[in-house]
Amino acid sequence: MRRNTDQESPIMSYYSSFFFLFLFSFLTSFRVSAQDPTYVYHTCQNTANYTSNSTYNNNLKTLLASLSSRNASYSTGFQNATVGQAPDRVTGLFNCRGDVSTEVCRRCVSFAVNDTLTRCPNQKEATLYYDECVLRYSNQNILSTLITTGGVILVNTRNVTSNQLDLLSDLVLPTLNQAATVALNSSKKFGTRKNNFTALQSFYGLVQCTPDLTRQDCSRCLQLVINQIPTDRIGARIINPSCTSRYEIYAFYTESAVPPPPPPPSISTPPVSAPPRSGKDGNSKVLVIAIVVPIIVAVLLFIAGYCFLTRRARKSYYTPSAFAGDDITTADSLQLDYRTIQTATDDFVESNKIGQGGFGEVYKGTLSDGTEVAVKRLSKSSGQGEVEFKNEVVLVAKLQHRNLVRLLGFCLDGEERVLVYEYVPNKSLDYFLFDPAKKGQLDWTRRYKIIGGVARGILYLHQDSRLTIIHRDLKASNILLDADMNPKIADFGMARIFGLDQTEENTSRIVGTYGYMSPEYAMHGQYSMKSDVYSFGVLVLEIISGKKNSSFYQTDGAHDLVSYAWGLWSNGRPLELVDPAIVENCQRNEVVRCVHIGLLCVQEDPAERPTLSTIVLMLTSNTVTLPVPRQPGLFFQSRIGKDPLDTDTTSKSLLGSVDDASITDIHPR
């Protein structure tokens, strides 16, 4: 019996070693592939462009090469750089998630550097977000500067049970505030927190600031992204240029407390033994194989299942629900042949490219009858493109108004999806409004006409058309200007139709532009006509001030344009909001009245915001008395003199105000 035992031992050792070697190799390859960067979101500020042979382009190439070089600070996860002199100076940085390895950080930054030239071609300002890193560059100074606008809210669209909702309401904000306390005491400005969700499941939270922020600015930024994050989802995140917050019920980051897996056992040469002399030795081989093979199969099935569930959980952020109920045949009369569009645009030649939107590129074209058109070619790589394409065709084909861009045709040809609009020669409002060299062309008379035209266009959508339509993405870049500077509302990809008696709708997919979203929509997915009113109010304040809400730099303690305007109004100084380019030649009574209307539109309570019919009346009749505006929405101010996340007590007092839909404890600065 002893001899048989000695002979089984090397066999067991060999098969066990083979098993662990195979498993280790598989896991290693799995981990490497999991480190590929996962794209999340990007923004391109298309108010300033550069040309291929310009000094700015050369400076940008030098900057990106520096950030992605082998000598970059991947081990710390953060690096910034500045290249050139004004006006061609370019400033940039990368910030990797605090838990990723040096190699993962390097790969993500290198990937982002190549990706930005595709996603934001010829744009002087861009921000690209990935799960593993963020890359930013700008022609303005972005270093050590707190920016709390220009981001996005993403929610996990998986279903939430009532029991889970109760647990989430108790866990989300405390967990994120605990993570914030860790981040504020970390050199990387990075913190995580893990709490129990159920007996068998954990809850994970993560927050992070760019390390170049001061502790106070990081605290302020985290306060905003924690208070604004939806608490009624199975997972959610807010990302903006300066900080981020996220929670899930799965481990979406590497838990530093988990020790690394032990190295695989070394494979030693088994001792030479005599060949087996009995059938029992053969049976032992069969027994070993019978044990080892099922274990390998079980492990592989477990890993495959884990990959599937993890990817499905991640994908739920970005996969929209099916677009049911649309009838694209109602627009059949507008369908164009793809070859006709190719001919009109010279086969989409680069010299005809006039813009780039969220779902594709825009080209100028000329039809065979001489009609100039704008051709919107949806990107094949856009996961949302087909939904927005169908939505835009069905909606815009039924709309006819002088302040709405007119759809002339569309094309569905294989993977090609193309929209053909009337050509508007003066591009978009933001092209003039936010450019120091061009904003002078928008005197007060033109700005006032634009405000009125946009109001009439939205009124048509809400009340006067055959359909009640909520635009959901009103902003300066979606207001086109014709040859006479008349405004035309564009981009209906996010729009939704309401029923006859419907006043609001809920959605689990928050879309639009952060900074223009109303509080109830950004935090709870509730949108209505009053959501568009809020966006219109932000737009009015932008038109008056010439300042962009999505990249507003801190002034007198204000973190965004709305709070800045509210502060001036509260102190009796509304004229200080006016763009210096027009302040000497404006009708002051009209300006003050428009500031008043803008602040009425951005009030926190949707019920107190005026309807579009009332707004148009306010703009056209000076005899209408305007009510006193109340506090705007999305305002966060610490009621305690010190940093709001310094202590557990302060954190808890901060959390209570965000649980209610009304956000009653939020105050203007």
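Residue numbering: from 1, along the chain as shown.
Note that Cβ sites are derived from N, Cα and C of the backbone, with glycine treated the same way.
Feature list (source: Swiss-Prot):
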- C96-C105: disulfide bond (DISULFID)
- C108-C133: disulfide bond (DISULFID)
- C209-C218: disulfide bond (DISULFID)
- C221-C243: disulfide bond (DISULFID)
- 260-280: region 'Disordered' (REGION)
- 286-306: transmembrane segment (TRANSMEM)
- D473: active site, proton acceptor (ACT_SITE)
- S477: phosphoserine (MOD_RES)
- T513: phosphothreonine (MOD_RES)
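Only C209, C218, of the recorded positions C108, C209, C218, D473, S477, have a C-alpha within 10 angstroms of the C-alpha of C243 (disulfide bond). Across the structure, D473 (active site, proton acceptor) and C221 (disulfide bond) are spaced 24 Å apart at their Cα atoms. The Cβ of C108 (disulfide bond) has 28 neighbouring Cβ atoms from other residues within 10 Å, across all protein chains displayed.
The residue listed as 'phosphoserine' is 28 Å away from C209 (disulfide bond) when you measure Cα to Cα.
Ranking the disulfide-bonded residues C96, C133, C209, C243 by how many other Cβ atoms lie within 10 angstroms of each Cβ puts C133 at the bottom. Checking each of the recorded positions (C133, C218, C221, T513) against C105 (disulfide bond), the C-alpha distance stays within 10 Å for C133.
Close to C218 (disulfide bond) in the fold, though at least 6 residues off in sequence, lie A183, L184, K189, C209, S242, C243, each with a CB less than 8 Å from its CB. For the residue listed as 'active site, proton acceptor', the Cβ neighbour count at a 10 Å cut-off comes to 22, with all displayed protein chains included.
In this structure, S477 (phosphoserine) is part of a helix by DSSP. The two recorded residues C221 (disulfide bond) and C133 (disulfide bond) have their Cα atoms spaced 18 Å from each other.
Restricting the recorded positions C96, S477, T513 to those with a CA within 10 Å of the CA of C133 (disulfide bond) leaves C96, listed by sequence position. DSSP assigns C105 (disulfide bond) to a helix. The two recorded residues, S477 (phosphoserine) and the residue listed as 'phosphothreonine', have Cα atoms 11 Å apart. Rounded to a whole number, the distance between the Cα atoms of C96 (disulfide bond) and C108 (disulfide bond) is 8 Å.
Taking CA atoms as the reference points, the residue listed as 'phosphothreonine' and C96 (disulfide bond) are 24 Å apart. There are 26 other Cβ atoms within 10 Å of the Cβ belonging to C105 (disulfide bond).
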